[in-house]
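Participant: Dropping the structure in here first, questions after.
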Amino acid sequence: MFLQRALLVKNSPVANHSKESTHEKDSLLNQTAKQTAGNKHTRAFGGYKNPQGFVLKPFMRLCTLRCLRQSVIKMSSSGCFMYFAFGSNLLKERLQLKNPSAVFHCVGRIQDYSLNFGLSGDCTNCAWHGGVATIQESEGDEVWGVVWRMDNQNLPSLDRQEQVHEGVYSPLEVKVETKEGPLLCRTYKMNKFGPCLPSPQYKKVVCLGAQQNGLPQNYIQKLLALETNNYSGTSILDQITDIQK
């Protein structure tokens, strides 16, 4: 009797309709996944694919950002923060001139940004006697740099170095891709950017920092190929050289 009922249920129109509905749903999901996977947009965690090619659903992106922010809060409560450097602060000796707590954490990159050199507004009194580094939004480009772990007590001195209170730079939170996974880090972006060639001294510090911390070789070659303004006077490089001696 039980077997007969089971067979009746299995062969009933309701059961068959349920199977067909499930099959239709599976087909629709597979079709949607294929369309999504074939989309040309590949913005990291913000589009249809992440850098490794895996399709990310919206809730996964929200979970990723939420986890990142929780890690930032945890980091802050422990008395430190993560700072992403891409210019002269790539070099440990340069960064530690005013921020002695800085400790190397890892190498990473930010996507959809480009590295540029210039001055802010009408500023001509630059300690480096030329353009300095900043980042600008640029889809498809990337900027490599170093993630430094720093004590919260050095946050004011880092802001002073970047002339935040003078309006030269503004702090910015960026998602840095690293081998260990994404990190939310503090960095700085120039206000009222105007292009200007860097001095040879500034270029040297940036290149030394990139080499010191093992940035990708092809990226280092791009830095070494940068054109300069041929300034030949004194600069902050002299202070760094004295420390290295």
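Cβ atoms here come from the backbone N, Cα and C positions, even for glycine.
Just so you know, TrEMBL annotations never went through curation; they're auto-generated.
The following feature annotations were taken from TrEMBL:
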BINDING   Y83, F84, A85, F86, G87, S88, Y202  substrate binding site
ACT_SITE  E162  active site, proton acceptor
Participant: I'm trying to understand the geometry here, so how far is the Cα atom of G87 (substrate binding site) from the Cα atom of E162 (active site, proton acceptor), in Å to the nearest whole number?
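Facilitator: Between the alpha carbons of G87 (substrate binding site) and E162 (active site, proton acceptor) there are 11 Å.
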Participant: Run through the Cβ atoms and count how many others sit within 10 Å of the one on F86 (substrate binding site).
Facilitator: 24
Participant: At a 10 Å cut-off from the C-beta of A85 (substrate binding site), count the other C-beta atoms across all protein chains.
Facilitator: 24
Participant: Let me know the largest Cα to Cα distance in Å among the substrate-binding residues Y83, F84, A85, F86, G87, S88, Y202, as an integer.
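Facilitator: Those residues reach a largest Cα separation of 20 Å.
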Participant: Looking only at Y83, F84, G87, S88, E162, the recorded positions on record, which one has the least crowded Cβ, with the fewest other Cβ atoms within 10 Å?
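Facilitator: Least crowded of the recorded positions Y83, F84, G87, S88, E162, by Cβ count within 10 Å, is E162.
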Participant: Which of the three DSSP states, helix, strand or coil, fits Y83 (substrate binding site)?
Facilitator: strand
Participant: Near Y202 (substrate binding site), how many other Cβ atoms are within 10 Å of its Cβ?
Facilitator: 28
